[in-house]
Structure formats: C-alpha cells, structure tokens
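To start, the structure under review is shown below, and the notes come after it.
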Amino acid sequence: MRALYSALLYLLIPLALLRLLWRGLRAPAYLRRWGERFGFVPVLEARPWIWVHAVSVGEVQAAAPLVTALLERYPEYELLVTTTTPTGAMQGQRLFGQRVRHCYLPWDLPDAVARFLGRVQPRLGLIMETELWPNLIAACQRRNIPVALINARLSARSAARYRRVPGLTAATLGRVSWIGAQTRADAERLIDLGAAPARVTVTGNTKFDAVIPGSAREQAEVLRRGWDPARPVWIAASTHEGEDELLLAAHRRVRARLPQALLILVPRHPERFARVAGLVERAGFRGARRSRNEAVTSEAAVYLGDTMGELPVLLAAADLAFVGGSLVPVGGHNPLEPAALGLPILCGPHMFNFSGIVQLLEAAGAVRTVADVAELAAAVTAWLEDASERAQWGERARQAVEANRGARDRVLQHLAALL
C-alpha cells in the first residue's frame with residue numbers, strides 16, 4: 001500500500017510545484033528554498049539533534065513551550081524546527097531566534113525523506129499535532145529514530161478520512177514510538193485507527209502552557225495611548241477568505257450604535273493583506289494599516305493588522321476578541337491566546353478544529369458562539385457597552401487557561417525515556 005502511495009506522490013510532483021508557483025505569486029517566500037522540499041537541507045554539524053516538526057503558525061505556537069523547555073533541559077542537544085509554510089518559519093524565527101535551526105520538511109517521497117534524515121541524523125523526532133507521513137515515519141523506524149506525536153488531535157472528520165486507507169494508517173501509527181493526545185476522545189480515535197494503546201497517553205494541550213510575553217502588553221498599552229483611551233475596540237483575529245466581508249458588515253452594525261468603535265482586522269495569511277485593505281476601502285470605512293505605521297485617528301474605523309508576529313500585541317490592545325476562520329467553514333483557530341490575556345471571546349459556528357478547547361471554554365462560561373453577522377454584531381455591541389460583563393467573561397477565560405496548564409511537563413516526562 002505504501003508503494004502505491006509513493007507512486008502517486010511522485011506523479012503529483014508537477015502539480016505540487018505548480019501550487020508552489022501559484023502561491024508564490026502572492027507570497028514570494030513560497031518561491032524560495034525548493035531544494036529543501038526534496039530533502040536537500042543543509043548538512044548539520046555532528047552533534048546530537050532533536051527535530052521538531054510544526055506545520056505552520058498554530059503548530060509552532062503550540063510547540064513553543066516544549067521547544068523552550070527542551071533548550072533549557074537538554075543543553076547538550078541542538079534543536080531543528082521544520083515547518084511546511086513560510087509563515088510557520090517566520091513565527092519560529094520570531095519565537096526562537098538563533099536558538100534553533102530551521103528548514104522546510106521535505107515532501108513525503110522516499111528519496112527526499114531519506115536524504116533529509118541522512119543530513120540531519122536526529123536522535124528524536126517530535127511531530128506536533130497529527131501529521132501522519134507514512135514514508136517519513138517508516139524511514140525513521142528503519143534508522144532507529146524514535147518518533148513521537150505531540151499534542152495529537154484527531155477530529156471525527158479527520159478520522160473518517162484516515163479510515164479510507166485503513167492499512168496505511170494503521171501501519172504508520174504502529175511505527176510511532178509514543179503519542180501524547182490532547183483529549184480522551186483524540187486518544188480513542190487514534191487507537192481505533194491502529195495506534196497501540198500502551199503507547200498513547202492523554203497529556204492535555206501544550207497550548208495552555210504558552211506564555212504571553214509581558215512586552216506584548218506593554219506595546220499594546222503604547223498603542224492604546226495613541227488612540228482615544230475610552231474608545232471601544234474589538235479584534236477579529238486570523239480571518240480567512242470570505243470572512244472579512246462578514247466582519248465588516250458586523251462592524252457597520254456595531255458602529256450604528258457605537259460610532260467610535262474600532263475594529264482591528266488581522267488576516268491569517270500575509271498574501272491577503274493588500275486584498276483585505278481593498279475590502280475595507282470598498283466597504284466605505286476609513287482604515288489605517290499597521291505595516292505603514294499609519295495613525296489611528298478618530299475617523300479611522302478599521303485598523304488592519306497587516307504584519308507578522310504581532311497578534312499578541314494587537315489582541316492585548318482590544319477589549320474583546322473574535323476568533324477567525326469560524327464564520328466560514330475553515331475550522332477556526334486557537335482561542336487560548338485571547339483567553340490567556342483575559343479577553344471575552346466570540347467565535348462562529350465552525351470551530352471543529354478546536355472543538356475540545358471550545359467545549360472546555362464553554363463549560364467554564366468563557367466563550368460565546370454566534371451564528372451569523374447579526375448575532376456577532378449584537379454580541380460585540382453588548383460587550384462593548386458593558387465593561388463589567390466583559391470583565392467577568394474575560395476572567396473566566398483566563399482562569400480556564402490557568403487551570404489546564406501542565407501538558408508540557410507531562411510530555412517532557414515521557415520524552416525523557418525516548419532520549
């Protein structure tokens with residue numbers, strides 16, 4: 001089965017290259033370092049390496065508490081962080097700087113993964129969340145490189161997709177040395193697909209262990225002082241195609257009641273920054289762009305967060321947060337950053353990628369789900385008008401994060417046996 005899978009991947013190489021070219025038209029970083037996609041990564045120094053794979057921004061953020069702890073606990077090891085996307089690479093650079101090395105993970109082609117592992121020669125591979133690459137994991141097993149899945153999550157929808165290739169999925173999971181699952185439901189789905197029960201542990205979610213740097217709050221205070229301090233501000237974080245128009249429509253309703261309300265609009269992908277700026281203008285709003293350091297005057301209705309790595313600062317500058325990717329069927333994004341900041345949180349109906357976290361926050365009375373533009377506008381308006389209510393929701397969110405910390409330490413205990 002894996003041979004057929006590999007043959008199909010080789011046939012798809014031209015399409016994969018065309019996709020990189022297409023994405024590179026909007027994000028030039030996709031046009032660089034193509035050799036790494038085929039395993040031509042720099043040969044690393046002859047030192048013991050721990051390799052951490054985090055596909056994009058969210059996974060890098062989830063890996064941050066673990067990477068920081070590994071650097072401190074195992075100074076004799078060097079760390080390599082691989083990503084799939086340039087935005088993930090930029091996030092890694094922002095969080096870790098020169099403390100780690102970075103390259104792109106090669107495509108799951110037998111020769112590419114063999115070349116990658118031969119040049120890196122890691123002692124341990126850690127894959128964030130659930131990236132099941134059959135050839136990569138099989139090659140690690142042949143080289144006696146233990147592989148662990150960290151923060152493993154598997155929605156019912158994803159599990160159904162994996163069941164279409166049961167033999168390949170079971171064989172791949174059977175080669176994984178250890179799995180740290182986010183929830184009991186995730187663990188049960190992984191075991192049902194073929195993971196050995198003795199190798200699966202429910203550890204919780206390392207995203208709860210992420211720390212918002214104090215500098216983010218300080219920079220946010222500077223931002224707010226440059227605006228009218230009494231001005232009501234809400235943020236829509238990590239928005240997607242087709243969602244910005246809905247958010248701008250909601251903001252129009254909010255401003256009908258609160259004319260000074262400011263929306264901080266932060267698109268998820270940098271290749272959309274210019275397009276979203278055009279949407280703001282066509283919607284008839286006066287906008288200011290973060291990338292151009294434009295002043296947020298009293299006439300500005302929308303502040304476009306068109307920079308990378310500044311989401312914590314922009315979140316800390318807001319009175320409440322809406323989680324993007326949830327008004328459209330993308331699956332949402334991590335609501336724990338605004339929760340850790342003590343912000344009241346709104347999300348749309350499509351949070352299936354973070355259903356476990358949302359259920360936990362809902363049980364704590366720390367997140368509110370809205371169905372459409374009308375409900376979103378009504379909820380934003382109500383919270384912006386009631387500071388006491390905002391504070392109660394925000395404090396419950398902060399407490400929920402504090403109560404669920406500790407996954408990082410549980411993961412480290414299990415990794416010690418693999419090193």
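Placement of Cβ uses the backbone N, Cα and C atoms for every residue, glycine included.
Some features that TrEMBL has for this protein:
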ACT_SITE  E59  active site, proton acceptor
DOMAIN    33-210  domain '3-deoxy-D-manno-octulosonic-acid transferase N-terminal'
DOMAIN    240-399  domain 'Glycosyl transferase family 1'
SITE      E129  site 'Transition state stabilizer'
SITE      K207  site 'Transition state stabilizer'
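Features per TrEMBL, on structure.
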residue: E59; record: active site, proton acceptor; DSSP (3 states): helix
residue: E129; record: site 'Transition state stabilizer'; DSSP (3 states): coil
residue: K207; record: site 'Transition state stabilizer'; DSSP (3 states): helix
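Recorded residues K207 (site 'Transition state stabilizer') and the residue listed as 'active site, proton acceptor' have their alpha carbons 9 Å apart, per Cα-Cα distance. Around the residue listed as 'active site, proton acceptor', the same-chain residues six or more apart in sequence whose CB sits under 8 Å from its CB are T83, G88, M128, E129, N151, listed in sequence order. Other Cβ atoms within 10 Å of the Cβ of E129 (site 'Transition state stabilizer') number 21 in total over all chains. Counting every protein chain shown, the number of other Cβ atoms lying within 10 Å of the Cβ of K207 (site 'Transition state stabilizer') is 27. In the predicted model, the domain '3-deoxy-D-manno-octulosonic-acid transferase N-terminal' (33-210) has a mean pLDDT of 95.
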